[in-house]
Amino acid sequence: MTLKSVAATTPHRRSCPDTRRLLRYAVASRLLILTLIVIWRSLVSPYDTSASINPPCLTSSTDSSNRHRPPVLLPSLGSAIENSIVWDSVYFIRIAECGYEYEQTYAFLPLLPLCISLLSKTVFAPLVPVVGYRAVLGLSGYVLNNITFVFASLYLYRLSVFVLKDPEVAFRASVLFCFNPASIFYSSIYSESLYAFLSFGGLYHFMNGTDYFATVWLALSGCARSNGVLNAGYICYRRMQLVNKAFLSRKCTYWLTLKILLGGALCCLCIFAPFISFQAFGYINICMGRSAAEMRPWCKARLPLLYNYIQSHYWGVGFLKYFQVKQLPNFLLASPILSLALCSIVHYVKLWPEVFLSLGLRASSLQKELVGSPLSKGTEGQRSTDGFLENDSFNILQDDRSIRQRKGTIKREKMLIQPSKSGAQERLQWDPVIILPFVLHLSFMVATAFFVMHVQVATRFLSASPLLYWFASHIMGSPGIGRRWGYVIWAYSAAYIFLGSLLFSNFYPFT
């Protein structure tokens, strides 16, 4: 069965009403976050009052064009917007205004600053005399991120419906995303919203079988956040499955294999291209035209990766570098999202251990027999299989292989059967082979967040993984203890939304 044929069987009856409901939830969640930001900013004094400090750009041409402007009409409103630009938002706005001036600013990829700069010079340009240029940059960032978040939630719903084949579970998962624990970052001037929109959109198109169109989306996600390059893993997995199916169908030729592999390599290269190009851009600006004595240490490396150097040198990111006693509170802060992620991974692996141990290759080898097997077609399937063996070979080894395949088919049928709420046996609607790359992707991200990164960043780093919301949605839909765990998940999300909006907006540390 092809992906397009699967898409044709996807339930769509509830799609339109659920989409409208989800749109209301998404908009309401952003209004809630923005309202909380305004309330906390008015009630609590910020820890760091340097947010409004903005020295002149190093480039004189940029500085003269942006700063030599007449006095603004509403300075208090402009000042309020500028004071809300905190933490990494300062870097994004500075890059949008002045470009990449300092080495550490190259840790922030260019897509968000480019979009902010474009909006400030086009759509919101008339507001510059009213609130000032930097305030317009901040306003552009807020509008852009909150709108892209709404579209990200809609794409997550469409992706979830396609994968899970259950609109109710998909809707619940999308609502969970609307009120996720890292919500404050999706409504601030951070790259999370833009990345989630491009990542979810790319994965939706990828699941529909449009690899090349999806590659454009996923490549743009890699231009928003560095972890966007990990989305190339989905392309690699798809190509591995195609080669495996070609071998199993006995239609595999050298040219077919080469075509599949070259197509996958081209897609992966396109996804990596923005990140690689940005590293080259940094190398040209910082290293080229300098003597050996003036060069930065990373310029002299065999593989001069600016991003890795910045993360290690300026932020102390590295393998086990964060394993210190004084960082225990940060590990506790990240423990809920890490626990939820681990439970998600373990849950799906335990459902289909053989699928995951074989990376889905064993499941693919049984898919043909599952569709045309005696279990699903009765005696007609039996005659078809026997006829295939008769025409192909008359030796004992071939018969033995047929027996093993049928046993595997029966086992795969059993894997797809789970007890329903009423206690009866029912077939699972989703395919473990489709779920597998999401599990592998999340597993890699969890390991990276725990062992390499500043662990408190895990809350927002993992928040764009669909698997988290699918697992939590399944739990909430389960009777008994599952529903109680659902209350715990909602309480966790609500606590981090209120805590995050209070601390983050006032320049206090939060993830």
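From the backbone N, Cα and C atoms, a Cβ is placed for every residue, glycine too.
Look at TrEMBL and you will find 22-40 (among others) tagged as transmembrane segment.
Residues or ranges marked as transmembrane segment by TrEMBL: 72-93 (among others).
Sequence-distant contacts of the transmembrane segment (105-124), counting only residues of its own chain at least 6 positions beyond either end whose CB sits under 8 Å from a CB of the stretch, comprise 88, 91-97, 133, 136-137, 139-141, 143-144, 189-191, 194, 220, 222-226, 274-275, 278, 282, 286, 306-307, 310-311, 314-315. Annotated transmembrane segment per TrEMBL: 105-124 (among others), in sequence order.
Summarising the annotation, TrEMBL assigns transmembrane segment to 136-157 (among others).
Remote same-chain residues near the transmembrane segment (169-189) are listed as 14, 18, 21-22, 25-26, 28-30, 33-34, 37, 85-89, 92-93, 112, 116, 138, 141-142, 145-146, 149, 152-154, 156-157, 160-161, 196, 336-337, 459-460, 463, 466, 469-470, 472-474, 476-477, 489-490, 492-494, 496-497, 500-501, 504-505, 510-511 (criterion: CB distance under 8 Å, separation of at least six residues from the stretch ends). Annotated transmembrane segment per TrEMBL: 169-189 (among others), in sequence order.
What TrEMBL records for 212-237 (among others) is transmembrane segment.
Long-range Cβ contacts of the transmembrane segment (258-286) within its own chain (Cβ-Cβ under 8 Å, at least 6 residues beyond either end) map to 100, 103, 106, 109-111, 211-212, 215-216, 218-220, 222-223, 226, 228-229, 231-232, 235-236, 238-239, 242-243, 246, 296, 299, 304-307. As annotated by TrEMBL, transmembrane segment applies to 258-286 (among others).
Here TrEMBL flags 330-349 (among others) as transmembrane segment.
Under the heading transmembrane segment, TrEMBL lists 434-454 (among others).
Per TrEMBL, the feature transmembrane segment maps to 487-508 (among others).
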Item to check | Leading stretch by Cβ pairs under 8 Å, where the reference is the transmembrane segment (487-508) and the options are 22-40, 136-157, 212-237 | outcome: 22-40
Next on the checklist: At a Cβ cut-off of 8 Å, and with pairs 6 or more apart in sequence only, do we get at least 3 pairs between the transmembrane segment (212-237) and the transmembrane segment (72-93), yes or no?
Outcome noted: no
Item to check | Distant-in-sequence neighbours of the transmembrane segment (22-40), which means Cβ under 8 A and at least six residues beyond its ends | outcome: 84, 142, 146, 149-150, 153-154, 157, 171, 174-175, 178-179, 183-184, 186-188, 497-498, 501-502, 505-506
Checklist entry - Which residues, given as numbers and ranges, are at least 6 beyond the ends of the transmembrane segment (330-349) yet have a Cβ under 8 Å from it? => result 181, 322, 356, 432, 435, 439, 442-443, 445-446, 449-450, 454-459, 462-463, 465, 467-468, 470-472, 474, 489, 492, 496, 511
